[in-house]
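Enquirer: The structure that follows is given in the form of structure tokens.
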Amino acid sequence: MNDSAAMGTLLSFFRILEDGDSPALQFIGRWAYKIYEKRQTVEEYMMYIHLILAAVFPIFIAAHSSLQQPPSAAKPISDETEEEDDEINVQPMVEGLTPSDAIMFPVTAAFVLGGLYLFIKWMGNADLLNKIMTVYFSVLGVFGIAKLSKDGLDVVTTFVFPDSWSNGAETFYVNSDISRQLTAKFDKSRINVSDEIVVDKTNPLPGYLSTITFSPRITKALWSFRASFKKHWLLRCYIHGVCNAKSKLHLNDMIGFVFGVVAVTYYNTIRKAWWVTNLMAFGFSYGSMQMISPTTFTTGSMVLGGLFIYDVVMVFYTPMMATVATSLEVPIKLVFPGPKRGSMLGLGDVVLPGMMLALALRYDLYLHYLRKQRNPTLGFGDASKIVAKEPFLNPKGLWGDRFWTRNAKKADFGLADGARFPKVYFKAGLAGYVTGMIVTLYVCHAWQHAQPALLYLVPGVLIAFWGTAYFRNEVKLMWEYTEDGVWGWDNQSRGTICPNKESSDDEKEKSSSYFGSVAARAKDKVEEQEKAAKKAASDHAQHLFLFSLSEPKHEASLKKVI
């Protein structure tokens, strides 16, 4: 039976329902017939919903993955044995933007777009350009998909093997070192002061599954399987004069890399399916939003404003944007199948507003710890006070722990506590982004003409941010917020003395001498880093090339900080 015959049969069935005696069946048949008549419109609306969800997905996950310790939080309490074990202080590689980028971004983008347009016109087609760019983006795609897959697998691992879970009455902590589940008590600093092994929970699974008594062989296999996803190795690579890198390597890193290779191979050898193209685009946008920071809301607003003008000019007043976008068959856009020719969305319409939304989420985390600060008085005077801060708790990738401890008592501590904080500005910006996207799609549908998405997204996002700050009387605080420099070196991030404005010069001088200057501490930090660099150079003085993969030196302490 061909498609037309099948549709005819389905239409006849709807008419039978509509002509039946049952009011309910008549109602179903009548609406089913209307949907069938307007099926093309329904398919178009479904495509629009798909587009919005696909645009929001990488923004949401990248923003949460970009979270790090804000200056308003104290350094996390860590186990000394773990620090010795790792020997690696992982710092995120983030490129901060400056106000000059607000000018250079649209200018550079215009030159690149113009160059691509002229090259396509000169060659008569984009075949050669597609081959060159496919190779380039295929290499990047492997690492983009690997990172996206790895973080996704980490989230899945937290659902299957959480580090803590609660049944509402008690919170249980899973300890791989002794292969048992524990109940524990913590002091106000979140230090484990006592723990007790739970006798009836012998496996590492949460919830009802924890009460199942498996055979010793299966139980041991479950603990080993859990440990394989939780442990890490130390990867070192040294090439004289080229690189000296250290990194932590997890099992999910290797699985994610395999996923990346398989996806890119499929894309280049079998079929450039829309879902593979979108997967690679997700990887690019996911990594980009974590590696680029607008630094301040002012700089980010200027960058979006400049690219807003660029997008309008290139779409409405030149044929360059439409020609290049439709000619290039590389994964730098999201593609959506649908009626007619379907639809597409450039990654710039995702990444550029997305980096501002990621900044907003980090700002929400900053405000969360800022409002938890306290100012206890020191013994040498009431005017001088030190900022007492809450220790930073890692908020990334703990979706499973959040799920399993959602019913935990407030007095119980858990790893997922760091992921629970108000997200006012992020939610406002996300609402503005979705609103702008809906307006874009409405105008496209009404005018039947391509629209520059930033024309509607930029006002939606910026009005949401600054409007929220205005109504919360936080415009000044938002204006002054910055991620410039090294986090943890400034006055706020170290919890140093914050003298009262009415304090005398003598008291301020006493406070300064008591704690030392921030500049001196920053200098000490630089000297420590220089010493570490010299030590690393001396360690490899006898090597031209070194590649190693080793296990940690020490095992984690049982009484660890959570």
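In case you wondered, yes, glycine gets a Cβ from its N, Cα and C as well.
Below are the features I grabbed from TrEMBL:
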TRANSMEM  45-63  transmembrane segment
TRANSMEM  102-120  transmembrane segment
TRANSMEM  249-267  transmembrane segment
TRANSMEM  304-325  transmembrane segment
TRANSMEM  430-448  transmembrane segment
TRANSMEM  454-471  transmembrane segment
Enquirer: Report, as numbers and ranges, every residue of the chain located at least six residues beyond the transmembrane segment (249-267) whose Cβ falls under 8 Å of a Cβ in that stretch; write 'none' if there are none.
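Expert: For the transmembrane segment (249-267), the far contacts come to 138, 141-151, 153-154, 157, 228-229, 231-235, 273, 276-277, 279-280, 283, 331, 549.
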Enquirer: Look at every Cβ pair spanning the transmembrane segment (102-120) and the transmembrane segment (304-325), keep those 6 or more apart in sequence, and say whether at least 3 of them are under 8 Å.
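Expert: They do touch: at least three Cβ pairs between the two stretches lie under 8 Å.
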Enquirer: Is the number of Cβ-Cβ pairs under 8 Å between the transmembrane segment (430-448) and the transmembrane segment (454-471) three or more, considering only pairs separated by 6 or more positions?
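Expert: Yes, the transmembrane segment (430-448) and the transmembrane segment (454-471) are in contact.
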Enquirer: Where else in the chain does the transmembrane segment (45-63) make close Cβ contacts, counting only residues six or more beyond its ends and a cut-off under 8 Å?
Expert: 151, 278, 282, 285-290, 334, 336-339, 342-343, 345, 349-350, 353-354, 357-358, 360-361, 426, 430, 433-434, 437-438, 441, 445
